[in-house]
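Trainee: Here it is, the structure in full.
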Amino acid sequence: MQALTCEQVRRVDEIAIRDYQMPGIVLMENAGRGAAEIIHSLCPDATALVLCGRGNNGGDGYVIARHLQILGHEVSILAVCAVDELSGDAKVNAVIADAAGIEIEVIEEKANQEGTSLAMKLGKTNCIIDGLLGTGAKPPLRGIYAALVSAANESDAMRIALDIPTGLDGDTGEVIGEAFRADHTMTFVAPKVGFQQKNADEFVGVVHVVGIGVPTKLIRELDLPNNELGLPKN
Ligand SMILES: NC(=O)C1=CN([C@@H]2O[C@H](COP(=O)(O)OP(=O)(O)OC[C@H]3O[C@@H](n4cnc5c(N)ncnc54)[C@H](O)[C@@H]3O)[C@@H](O)[C@H]2O)[C@H](O)CC1
Ligand SMILES: [K+]
């Protein structure tokens, strides 16, 4: 499958919503459910800890937590902000996860998190899921994100990244400082061009492409020269 830039994948979102009238919440549900089913097959006995950022990558994490619970897993969430600080589709899914009784612990952004306390929190799981940052982020990591990624990398749990390993630039494959070292990456719509950079392998692990339910016609249009979609020329 053709690798896409982060901007091209974000345009898929926009086109699906604008031209096909697909609600964003449907795209997020498809992304999260698809990823959860693969995670369940990879790690059937996972006691999962989902790390959720403040954007839609975190939103995917809230959806995945719910579907893993439905599949019988013990799941909890470590979030960088409170539910009421979220917005849009991510907030909708955080409210649902909270109502579903999934534990959501907020790691205060400003708190001076001792590495040991984070390591202890992450030590109670055998499957860490990175829903911190996706296509909306640019390295280097700011604030608590770097501490969370370092603590996750020190864990002997299976590490699964959502869309893009946090800290890796999805377009260039560049890592400044630290990035989540995933055993598996559940990437949405298409592989990201940055995954092809040779240094990216140690961060993306095995790549699984997860569809988000957009019509084949839209995806087929992507194979046209980029200017057919009003996308910037390569
Ligand atoms: N079509 C699709 O592929 C779909 C993708 N989905 C998911 O949505 C994310 C993209 O979500 P977005 O809200 O645009 O951005 P992020 O969640 O990646 O993060 C934005 C958030 O993070 C802050 N931030 C940015 N850079 C940094 C940094 N270096 N350090 C700390 N914080 C940073 C920024 O301020 C924002 O608050 C995509 O990856 C998919 O996972 C949809 O769910 C389904 C369709
Ligand atoms: K991520």
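The backbone N, Cα and C atoms fix where each Cβ goes, glycine too.
According to TrEMBL, the protein carries these features:
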type	residues	note
BINDING	N56, N57, G58, G59, D60, G134, T135, G136, A137, K138, P139, P140, Y145, D163	(6S)-NADPHX binding site
BINDING	N57, D130, T166	K(+) binding site
DOMAIN	9-220	domain 'YjeF N-terminal'
Trainee: Given the binding-site residues N57, D60, D130, which one's Cβ is surrounded by the fewest other Cβ atoms within 10 Å?
Mentor: N57
Trainee: Please identify, among the binding-site residues N57, D130, T166, the one with the smallest Cα-Cα distance to P139 ((6S)-NADPHX binding site).
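Mentor: Nearest candidate: T166.
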Trainee: When DSSP states are folded down to helix, strand and coil, where does P139 ((6S)-NADPHX binding site) land?
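Mentor: DSSP call for P139 ((6S)-NADPHX binding site): coil, neither helix nor strand.
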Trainee: Give me the Cα-Cα distance between N56 ((6S)-NADPHX binding site) and D130 (K(+) binding site), rounded to a whole Å.
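Mentor: So the Cα of D130 (K(+) binding site) lies 12 Å away from that of N56 ((6S)-NADPHX binding site).
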Trainee: Across all the protein chains here, work out how many other Cβ atoms are within 10 Å of the Cβ of T166 (K(+) binding site).
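Mentor: Total other Cβ atoms inside 10 Å, all chains included: 28.
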Trainee: Let me make sure I understand the structure: which of the binding-site residues listed (G58, P139) has the fewest other Cβ atoms within 10 A of its Cβ?
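Mentor: If we count Cβ atoms within 10 Å for the binding-site residues G58, P139, the smallest count is at P139.
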Trainee: Cβ under 6 Å from ligand 2: which of the binding-site residues G58, D60, P139, Y145 qualify?
Mentor: none
Trainee: I need the CA-to-CA distance for Y145 ((6S)-NADPHX binding site) versus N57 (K(+) binding site), whole Å please.
Mentor: 13
